[in-house]
C-alpha cells in the first residue's frame, strides 16, 4: 500500500509530464500578456486549445492535478466564513501629505534623520482598492490574506486564486532566483470601465449597485463563494514585498518592483525614480493632472525611500513608516443646486444644518446632502435655498458646501429659515452664551435619544456589538428604549416578535448588551455624552475621582484641579451631575449592575515603581508605541497622564518632533525624558512593553 503513490506516479509518461509543465508555463505567460500587458501574442482560439489540452491530460492523469494548475483557479466550495491570518510583518498604513510644502517637510525629515542629502525616492500611483498579501512558498501561491487592521487579516486564498492576473506559480526567467518564502503585497482593484459594466449588468438584473470601484473590489474579494469572486473583473497590482527568506532581497525599492515584474507579477504602473524632492513634486503634479483619465481609481501618489536598508533604519511611528508617505489628491469638487436646508439634532441637542442637494456624482459617489456646520457658516457663505454651490468631498469622505455661485441666481432663491423650534420635538431652541450653535433643550427629544443611544453603544463607548443605527433607531421608534438605562431592561419577548429578529440574533444582542455592563469606568463616562467630555476627558475624570459617587459630589473647584480642565468643561460636568434627571439615570444604571467605579483603584494605589503617582505628559511621536498604547501603559504603572504641562508635572516624555509642550517644560524646568527612559521606567514598573506594542 505504501508504494501505491509511487506506482501511480510512474504511470505518467515523462513526455506527458513535460508537456503538462510546458502548457502551464505557456498559459501563465499568455495570461500575463493578456491581463497585465494588454498585448496578447496568441488568439483566443489558440489559448482555449492549450487550456483544453491541459484539462484533458489532467483528466487522463489525475495525479498531475496540483493547486497551482491554471485549471484549478475556481473549484473550492463556498466557505462558512474566513479564517484569520496573523501578518508576521505588519502591513502598515501610510501617513498623508496634502501640499508641495508638506512633501518638502516630509523629505526634510528624511534627510535630517538619515544624515544624508542624496536620498532617492520612488513615486507610484496609490491605487484605490483592497490591500492584500500573497504568500509564495517554493514558487507556489499558498495563501492570500486581506490587510485587515495591519496585524490580523482574513484568509481569502481561494478567492485570490480566481484573479487571473495573479500567478498561481512563479516561473522565473533564467538567472533569476525566487526565494523559498516570498510575500508579495499589493492592491486588488477594479478598473473604472469594468466597474461601470458590472453596475450596468447588476442594474439590469435588479441587484443593488456598488457605490464605487473600491467597494466593488472589496465586496467581490470577500465573497464566501469563490465562484462569485471569479465572475467579477478583479485586478491586482503589487507595490512591495513582506516576508523574504532564503536569499538576499533587492537593495532598492525600484529593484524590488523590477524583480516582481520578471516573475510576471503585475506591479503598480508607471513608477518613477526621483533623485530630488523637486522631481517628486513634479511627479505628484503629473499624476494629479491625469487623475481623471486613468483606467483605475487613484486617490494619491505613494512616495517611498528607494534604499531599502535606509527605509528600515528610518523606522516606524505608530503604524506609519517614516520612509514612505502618500500625497493625497485634493478632494473632488462639483457644482450642484441646494434644494433645501434641513436641521439634524444630535445627542447634546445641537442643531446642524444640512444642505439637500440636487444629486451629483463626486469621486464615484452620489452626493445628495452636505454639511453646513452651523448658522454662522450659512451667513458666511451667503447661502440661499436654490443657490448653485460648490460641493467638496473633504478627504473624499464627508461632503461639504464650500462656496456659493451668486452670479447664477435667477431671483427664485429664498433665505434659509433658522429654526426657533426643534424640528423633531417642537421645543424652543436656545443659543448658549459664547457659542454659535443652536440647541434643542428637551432631554426627551426623540432625535436626541436616538443619537444618544448610538453614541452610548459605539465602539469607543460601551461597544455593544450588533446595536447599530438601524436597530437602535427602531427600538426608540417603537418605544422599546425611552431612556439610556432602558437598554438593560429590554423586553426581549417583544423583540422576538419583530420582523427580522430571530432567536439567535436576539440572543447575541442580549449577550452583547449584558457584557457592556463591565466596561471600564472611563468608557461609561464617555458613553453618557456629557458636553465637552470626550474620551480623554472621560479618562481624566475616571483617574481623578475613581467612582461615580465621588464624581457626582465634585465641586467646580475640584473639577478645575484636573490638569487640562478649563471653566467650560468643569461647568458642563458639574451641571450634568446636578441635574436631577441625570442623577436618577445614574441610580438606574447602578441598580441594573453597570460598573461605575475603577475596580483597579486599590491595585493602582499599591503600584511600586518610578511612575507611581507621577503626573506625566507625552509630546512628539513615539517609535515603539502608539500614543494611546503609551497612555494606557502609563496609567497601569500608576501615573496620571495629562494634556498640558504645569508646575505640577513630574515628567515630560518627548518623542520625535516634539511640540510646544517641550518648550513649556523647558520654561518651567520640568524634567524632559526620552522614549528610552519611558520604556525603561515602564519595565521597572512591571509593565510588559513588548507585548503591549504587538497588541
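Every residue, even glycine, has its Cβ placed from backbone N, Cα and C.
According to Swiss-Prot, the feature active site, N6-AMP-lysine intermediate maps to 126. Cβ neighbours within 10 Å of residue 126 (active site, N6-AMP-lysine intermediate), excluding its own Cβ and spanning all shown chains: 23.
As annotated by Swiss-Prot, NAD(+) binding site applies to 44, 45, 46, 47, 48, 93, 94, 124, 147, 187, 304, 328. Within its own chain, residue 304 (NAD(+) binding site) has 121, 122, 123, 124, 253, 311, 323, 324 as residues 6 or more apart in sequence whose C-beta sits under 8 angstroms from its own. When secondary structure is read from DSSP and collapsed to three states, residue 304 (NAD(+) binding site) falls in the strand class.
The annotation Zn(2+) binding site is assigned in Swiss-Prot to 422, 425, 440, 445. Under the three-state DSSP scheme, residue 440 (Zn(2+) binding site) falls in the coil class. Its Cβ placed at the centre, residue 440 (Zn(2+) binding site) has 26 other Cβ atoms within 10 Å.
Residues or ranges marked as domain 'BRCT' in Swiss-Prot: 606-695.
Residue 422 (Zn(2+) binding site) falls outside any helix or strand according to DSSP and counts as coil.
DSSP assigns residue 48 (NAD(+) binding site) to a helix in the three-state reduction.
Neighbour density for residue 147 (NAD(+) binding site): within 10 A of its CB lie 21 other CB atoms from the protein chains shown. Residue 126 (active site, N6-AMP-lysine intermediate) falls within a strand when secondary structure is assigned with DSSP.
Break the domain 'BRCT' (606-695) down by DSSP state and the numbers are 35 helix, 16 strand, 39 coil. Apart from 422, 425, 440, 445, the Zn(2+) site neighbourhood in this chain, defined by C-beta within 8 angstroms of the site C-beta centre, holds 345, 349, 423, 424, 426, 427, 441, 442, 446, 447, 448. For residue 46 (NAD(+) binding site), other Cβ atoms within 10 Å of its Cβ number 13. Long-range Cβ neighbours of residue 94 (NAD(+) binding site) (same chain, at least 6 residues apart, Cβ-Cβ under 8 Å): 302, 320, 321, 324, 325, 326. When the Cα atoms are compared, residue 445 (Zn(2+) binding site) and residue 147 (NAD(+) binding site) turn out to be 42 Å apart.
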